[in-house]
């Protein structure tokens, strides 16, 4: 009688094999385990195109939320008459900034140290996209403050206004923080010491994203949006929740220092 053996399934770096038992994935947590879900649920695969990171796992929820926010705010804004030249650019720039910042996060999240070239490439795009988002947010803030000054309106009269200025300020610090760690690690005492503070850049980044989303959501309660544009609060709140619901479950515990990485 001839006996046969079943060959073991090959295991790719940072990838849970599709035929692996589900119970095994829970018994063997690793550094690539996401905040919610199983290890490998939101990990960039070898040879996978980088754009796939944008909708991998729960990323599709974020894309849906961004689309909902754009439709909920821009349609009432652009169909409202008269169009105010110093007001219309503000929400357009801020929404574009949110879009760019979210895509920057989604692009880098699934990368791992086992695929260093893919991680480095995504990190470069991440940095440039965040620089663009910061410039968009800053431009939108300058425009709305110019509008208030030109029309002799109070500069800080709502939660949205306070959140907006605080968020732009933190975003600038966050970009500077990440830039010095990645480009000039000597500021932190060398590359090894810079790596040790990298997780705090991630913590701060996710905190700033929450502030951006809170600022976006609070816009639906401002006097102008509430009184004249007729923006759907349900659409705005649902969009904000979907964006957060797509980003945060994909957080790799190892990158936050909650698993060996």
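Every residue, even glycine, has its Cβ placed from backbone N, Cα and C.
Unlike curated records, TrEMBL annotations are generated automatically.
Of the given residue ranges 28-53, 54-79, TrEMBL assigns the label transmembrane segment to 54-79.
In TrEMBL, the transmembrane segment annotation falls on 203-222 of the listed ranges 3-22, 203-222. Residues 91-108 are the range that TrEMBL records as transmembrane segment, among 91-108, 109-126.
For the transmembrane segment (54-79), same-chain residues at least 6 beyond its ends with a Cβ under 8 Å from one of its own Cβ atoms are 34, 36-37, 41-44, 88, 91-92, 95, 98-99, 102-103, 106-107, 109-110, 216, 219, 229-232, 235-236, 238-247, 249-250. Confidence for the domain 'Cytochrome b561' (52-254), expressed as mean pLDDT, is 90.
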